[in-house]
Amino acid sequence: MRRAAVLGTGQTEHRTRRTDVSMAGLCREAIDRALADAGTGWDQIDAVVLGKAPDLFEGVMMPELFLADAIGAAGKPLLRVHTAGSVGGATGIVATSLIRAGVHRRVLAVAFEKQSESNAMWALSIQPPFSAPITAGAGGYFAPHLRSYIRKYAAPDHIGALVAVKDRRNGALNPYAHLRQPDITLESVQRSPMLWDPIRYDETCPSSDGACALVIGDQAAAEASSRQVAWIRATAMRTEPTFYAGKDHVNPRAGALAAAALWSAAGIKQPLDEIDVAELYVPFSWFEPMWLENVGFVGQGQGWKLVESGETRIGGALPVNPSGGVLCSNPIGASGLLRFAEAAMQVMGRAGEHQVPGAATALGHAYGGGSQFFSMWVVGRQP
Amino acid sequence: MDTLAAPLTIAFDYTRSLGPVLGRFMAGLRERRVLGARTSDGRVHVPPLEYDPVTHEPVTDLVEVSPTGTVVSWTWNPRPVEGQPLDRPFGWALIRLDGADTPLLHAVDAEDLNTGMRVRIRWSAQRTGHIRDIACFEPGESDISEISEEFEPVEIMTTPIRLHYQHTTSAEEDRYLRALEQGRIIGQRCPACRKVYVPPRVCPADGVAPDEVVEVADRGMVTTFCVVNVPFAGQRLTPPYVVAQVLLDGADIPISHLILGVEAADVRMGMRVAAVWRDRSRWSTTPENIDHFEPTGEPDAPYESYGEHL
């Protein structure tokens, strides 16, 4: 298959409200940084892929239409991608596919969310007629599944809090992170209010305004780059219904299938040994042990043990979310692309204070819907 | 027989962070002034573009254009709908304001609308720095007054959006709701995987319509649950409350419902619960006929009996 590589990444400062910029300005902040990082000019971009979560989030139908000028798509192909929370990851994969298909030489992938323009919780809680008013919000949707994980594998209560402490401290090393809490402790997390039992306030992602952009190029473009690129060794996406009889919400089949396909395509036999750093989509802290198992780093019921041992910290056997992850910044539409970008930054050696020393191979991961869409990639210093 | 249907309205007051260019444009409208953006090819765009489509650079050069212009093209709107600029028949027109190179789409309040007609902005009486500061256009010329001082950009604009739908049920949902009206809970079995879906639906795993109708019990077990402690937009119950996955006896997939009649802290996975129905006189085609579920006092179901439903 043709090779593709991330030539450059860019992201915004993520905040609760970025009222200083329009949606177009928010996207451009990320894009301008990605183009500069890639050393790429506008005239070298052949196509643009825009990722965005549901239109109801911002109340803009088809934002790709009015954003076309701002994101440099005038006169070029423009595609919109939408796969719920995994959309950022899917956006990176669609852009990669355009390169690998030999259609384009350099593609700009951009994803954004301006949560302050609306209320995502409201948008996710629309009450159709003939339904009971039993809404519980996004956290309420996932909390029962986290409870199932805890029960199924007898995980100790403090595992979720350990993840929160790790990610928020990591976020303090990331100048773009929305929440930066170097002084957070296990005790302070455990003292924070219980929102959706068993999810506490400090174990919950924030609502953020933010955007992320990547320049993805073909082999010739990568080899022409004066800087280290992140070679895209494999991508994978899988989907399953939100609900069906027998669906395993603790270990979703689509996630496991996507991971198996990913490792196979990347030629990776022992992910825990061969991956140096992982950016997992963890909007609620308990998802870290669940996804560690789902993507096959460890066996079923072993995820929480890896967390408890401290091996998912920077310096551990498998640093997870050195950027602080979704727990520190959650511009929903961009969150998946941020995971993919952070993985790329790690192997490019451009992750700054949260750089994992010697990172040569990294996983970017995203999921969305009711644990329904999964998208992942493996990037490396070498092709 | 038609399936059940009911209206659904979704509405929200979205906001728009305007940024430096649109923020100055909106501030201008408040002062009865129209600003256009001059791009690298010398053209003036109204409304302004934030980024130059040729060079991709941010637009910084805003110039004032006239509130009077010429109709370039138009169509007639005989039946205005909610939210449009006028509540009587009007024309939609592309209007090129004097000094601008691109036409602006807006409503014209004129019965004899024609191409080439000279029209001017009819300003809203109350102007707040919002696109609605332009009420519509009307025939005539404006007086051009002195160009005023630079004004502070508007930062945020509110744009309420309201959508009206007709929500129509599927044949399976309709059957389920009509059974609920009689105090019964029905599921339907997938002919492929033989699983009983409550509420019935096209099997999400096999993609085939269900056939056999199966009456299930109004009691079952809590598989897993959440204690909701947090208030949020759109919420219709006051926290704290327990939302549980309830696997009804005879069903193969749980339904979401409230657990009451027990302290939230005492709800357990495997707890046996039964439906508490509303008063029979209030039954209709709604899942709200079941007010909530309460513990039955039976021994908890063993984990093995629901472990595959998590």
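Each Cβ is built from the backbone N, Cα and C atoms, and glycine gets one as well.
Taken verbatim from TrEMBL:
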DOMAIN    B:63-123  domain 'ChsH2 C-terminal OB-fold'
DOMAIN    B:179-206  domain 'ChsH2 rubredoxin-like zinc ribbon'
DOMAIN    B:214-278  domain 'ChsH2 C-terminal OB-fold'
REGION    B:286-310  region 'Disordered'
Sequence-remote contacts (6 or more beyond its ends) of the region 'Disordered' (B:286-310), Cβ cut-off under 8 Å?
177, 180-181, 183, 218-219, 221, 223-224, 244-247, 252-254, 257-262, 268-278
Taking residues 6+ outside the domain 'ChsH2 rubredoxin-like zinc ribbon' (B:179-206), which of them lie with a CB under 8 Å of any CB in it?
170, 172-173, 212-218, 248, 250-253, 255, 275, 277, 280, 283-287, 289-290
Using DSSP, tally how many residues of the region 'Disordered' (B:286-310) sit in helix, strand and coil.
9 helix, 6 strand, 10 coil
So, by DSSP, how many helix, strand and coil residues make up the domain 'ChsH2 C-terminal OB-fold' (B:214-278)?
3 helix, 32 strand, 30 coil
